[in-house]
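Engineer: Quick one: the structure is below, questions incoming.
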């Protein structure tokens, strides 16, 4: 009697031993002899059902393959690029003459590839917040390529985002970090100076190593330095260039040149750390040390939001206030020269009326008790109605305050005179300034006798003209 032994990975039983072996003999398995053993099927007892099913499947496959147009439904190629890929790789015998134009791609220019193929097919919304596509593309590409191993390519470690004040550079960076799931290691300009020489440079290395440790543990991270140039740059003759400024610039240069070999004082080892992309923001990188911002170390990105970007950001600012989209567009177009931060301040200014009403209702003396030492907690205001007319009114008020700051130079007039200069010029022009002093405003001055003891005393006179008469 022959025994049936199951083989590794086989679903059928082993064939019977017909060579006169004993009943206790076992058949060697393919798992024992290795994967190179050929498995022989028993052809003496063919299975009619198995053969029939295999024949049917083969017939079905042949029937499916007969459709010569089936590949068109899955064809994602582009004719222009297919022609260019084949250029120089196909024998000229199978191509038309050189001047026929059949193997010349019509739209093979760099502009076609960069504009037609490089589309921002990324979700640039984080909740209700708008992320500028160009801004997100720059940060995502910079962070991604710093984690890739690109052969024979020197990738700048630092990305410098610079531009005008209040344009949302830091906030846009934070939105991109949140979109990527990155919790960056944060630094600010205030940490780049210290009473102890060398402390800021050491702190930069520590923060960089912290980010590298997070990356080594499998969590994406980056180093984010906010407002670099106030802490490491020269802001004219009003600031002093210290040893810490020099060491901060030198440390960033060294890290950019050796991103995987950042050592801490007292911890010198040859084990490479993870590469950490660095993103810095600022308003004017010309104040920084020139070798730091060269192309091999820092990639510069000038951020100037377009009209579409400004409308997108402002739509997120006023979304909770249910301001219609067409009103947001009109508001942005009404103040074209203002920064994005201007519209955030404009929204906050609308709440002044609500706060003023609450202060009048509780009394000025009870404000501290209601806000700090109250069981009920601070008051909760209902969202005021933000109409386009109200927003335009408060926006013009903010613009007038900006013009006052630019026009009035009180520091120059502080010692020369006691007048306010042109501080009230806009109010005077509008007729809303009531304290019209004669020495500040060019108004006609009433002349007459200003002596109360005189016979012809004129109480309305503001300047004595010498016409006083007296009773002797």
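The backbone N, Cα and C atoms fix where each Cβ goes, glycine too.
The structure displayed is predicted, hence computed values, not measured ones.
Positions annotated as transit peptide by Swiss-Prot: 1-58. Residues annotated as ATP binding site in Swiss-Prot, with sequence analysis given as evidence: 163, 164, 165, 166, 167, 168, 169, 170. Marked as region 'Disordered' by Swiss-Prot: 448-472. Sequence annotations record features per position, and here Swiss-Prot assigns compositional bias 'Basic and acidic residues' to 452-465.
Could you place the listed features in the three-dimensional structure?
Structural biologist: The number of other CB atoms found within 10 A of the CB of residue 166 (ATP binding site), across every protein chain shown, is 15.
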Engineer: Between 165, 169, which of the binding-site residues has the fewest other CB atoms within 10 angstroms in the structure shown?
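Structural biologist: Fewest other Cβ atoms within 10 Å, among the binding-site residues 165, 169, is found for 165.
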Engineer: Among the binding-site residues 167, 170, point out the residue whose Cβ has the most other Cβ atoms within 10 Å, with all shown protein chains included in the count.
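Structural biologist: Buried the deepest by this measure is 167.
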Engineer: Which state, by DSSP, holds residue 170 (ATP binding site): helix, strand or coil?
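Structural biologist: SS state of residue 170 (ATP binding site) = helix.
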Engineer: Including all protein chains shown, what's the count of other C-beta atoms within 10 A of the C-beta of residue 168 (ATP binding site)?
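Structural biologist: Taking all protein chains shown, residue 168 (ATP binding site) has 23 Cβ neighbours within 10 Å.
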Engineer: How do the residues of the compositional bias 'Basic and acidic residues' (452-465) split into helix, strand and coil according to DSSP?
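Structural biologist: Tallied per class, the compositional bias 'Basic and acidic residues' (452-465) gives 0 helix, 2 strand, 12 coil.
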Engineer: With the cut-off set at 10 Å between Cβ atoms, which of these binding-site residues ends up with the most neighbours? Options: 163, 164.
Structural biologist: 163
Engineer: Other residues with Cβ within 8 Å of the Cβ centroid of 163, 164, 165, 166, 167, 168, 169, 170 at the ATP site?
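Structural biologist: Output for this site, in sequence order: 283, 303, 339, 340, 341.
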